[in-house]
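What follows is a short report on a single structure.
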Amino acid sequence: MPIRVPDELPAVNFLRNENVFVMTSTRASTQMIRPLKVLVLNLMPKKIETENQFLRLLSNSPLQIDIQLLRIDTRESRNTPSEHLNNFYRNFEDIQHDNYDGLIVTGAPLGLVDFCDVAYWPQIHKVLHWAKEHVTSTLFVCWAVQAALNILYGIPKQTRDSKLSGVFDHQILHPHALLTRGFDDTFLAPHSRYADFPAGLIRDYTDLEIFAESEQTGAYLFASKDKRLAFVTGHPEYDALTLSGEYHRDYEAGLNPEIPFNYFPQDNPQLEPRASWRSHGNLLFSNWLNYYVYQITPFDLRHMNPTLD
């Protein structure tokens, strides 16, 4: 799917160099097609890197996607130029009266921070409740899953004793589910989190359907029956070197991190790892866009039909 982005966004040239189909706003405006409107709430500090990762996964299907980037943390960023944020990101007040086909809420490095201490926790509440009336389907990733389970289902924050980091095998529980259509029976996906997602807790306290899980990671992929909410507790968007960068950052900071599981060749951090989850990530996002967004969203977004309580 050609993603439609502002002509000047740095991701345009970055992704084109990887042979990813990116359509600028100028070209897209000449096509008589309604693009899917997808809002990306980017909570990661290195926003440009995260943009590249998610836009790569949103790019491989035949329909246009009009990407809009959202920020809710107005503090000065130490990792992203203010010019970039001002040029390419919108504030919630700018979009609160608009409707969207899809919303993606990224992870955030807040695994050991209590929800009440998150600087933008009230804004997260506001966006999630706003999405009930204004978004066809929302996809939560990693920390955003934990936040959504707390806000929407009242599940307290669950924290692991040590950080889960590495590339893990997962098993499909419902092979005929739309979100896992085309998945291998077992597949690899990366994780990097302190958050814990016990499958039993989700089954006992929500009506969400779990589609994939792992003995080491817990629930990995689950969703609401009406397809309005989808949750992925890992990081299928990660580049091949993202876990490596996190490991070496923590090592150099003297944090004595564990070597990510099943990631570095021979468990040697000096050897360059290779991505073993790329096809899974592409298929997951394609399925979400097709079955949870495109197939159920109205042609005219003014005619939203919210079903969330």
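The backbone N, Cα and C atoms fix where each Cβ goes, glycine too.
Model, not experiment: these values are computed from the prediction.
Look at Swiss-Prot and you will find GLY111 tagged as site 'Important for acyl-CoA specificity', backed by sequence analysis. In this structure, GLY111 (site 'Important for acyl-CoA specificity') belongs to neither helix nor strand by DSSP; it is coil.
What Swiss-Prot lists as active site, acyl-thioester intermediate is CYS142. A 10 Å cutoff on Cβ-Cβ distances gives CYS142 (active site, acyl-thioester intermediate) a total of 28 other Cβ atoms nearby, all chains included.
Residues annotated as substrate binding site in Swiss-Prot, with sequence analysis given as evidence: LYS163, SER192, ARG249. In the three-state DSSP assignment, the secondary structure recorded for LYS163 (substrate binding site) is strand.
For SER192 (substrate binding site), the same-chain residues that are 6 or more apart in sequence and have a Cβ closer than 8 Å to its Cβ are CYS142, LYS163, LEU164, SER165, HIS235, TYR238, THR242, LEU243, GLU246, PRO260. Under DSSP, SER192 (substrate binding site) is assigned to a strand (E or B) in the three-state scheme. The feature site 'Important for substrate specificity' is assigned by Swiss-Prot to SER192, with sequence analysis given as support.
According to Swiss-Prot, the feature active site maps to GLU237, an assignment based on sequence analysis. Mapped onto three states, the DSSP output places GLU237 (active site) in coil.
GLY111 (site 'Important for acyl-CoA specificity') counts 19 other C-beta atoms within 10 Å of its own C-beta, drawing on all protein chains shown. Non-local neighbourhood of GLU237 (active site): THR50, GLN53, PHE54, ARG56, LEU57, VAL141, GLY281, each in the same chain, at least six residues away, with C-beta under 8 Å from its C-beta. As a whole number, the greatest separation of Cα atoms within the substrate-binding residue list LYS163, SER192, ARG249 is 14 Å.
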